[in-house]
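Chemist: In case it's useful when we look at the structure, here is the feature table from Swiss-Prot:
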- C131-C134: disulfide bond (DISULFID)
- C131: active site, proton donor (ACT_SITE)
- C134: active site, cysteine sulfenic acid (-SOH) intermediate (ACT_SITE)
Amino acid sequence: MSIDDLKSKIPDFAKDVRLNLSSMASDETLTPQQKYGLFVACGIASRNADVRKALVAEAAAKVDASVIQAAKSAASIMGMNNVYYRFVHLATNKDYRTMPAKLRMNVIGNPGVDKIDFELWSLAVSAINGCGMCIDAHEDVLRKANVTSETIQTAVRFASIIQSVAIALEAADTE
């Protein structure tokens, strides 16, 4: 499945989503590794098979397999961290904030690609998963590495578009 196939599946009630997907696909403001890593990580985080397949296929044609693997790692590790740290952040019992997480997350320190790109993907997945604590942590690392607000905003915009594509396809499935 390709992005064009994905666009063709988006119904007219979600025309804005389809147009945003087209804009995202042609956007060249990020490096190819940043862009296609976002496609993979956010496609997986969307939990929609069609979205995941189309975006992974698009990325596989554009970047090295190590980028695909690292983006898969970002989606996977954020799937764990976003649940845990969202709980820690939202729980009224603040004792959880001082307890060790006891979760392996070595991939964050050694993702196999540029660490800043991995942080950007992790931020975008954290936005999809709604973990404010993780969003703040990843945004802080990115800002300290002099990543611009525009780059960060673009990553989150891509995440929002990818998530909206998944939702539009789910909504179309109800017709």
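Going from the start of the chain as shown, residues are counted 1 onward.
Backbone N, Cα and C atoms are what each Cβ position is placed from, and that goes for glycine too.
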Chemist: Counting across all protein chains shown, how many other Cβ atoms sit within 10 Å of the Cβ of C134 (disulfide bond)?
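Modeler: Around C134 (disulfide bond), other Cβ atoms within 10 Å: 23.
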Chemist: Under a criterion of Cβ-Cβ distance under 8 Å and sequence separation of at least 6, what residues of the same chain contact C131 (disulfide bond)?
Modeler: M78, N81, N82, V83, Y85, R86, H89
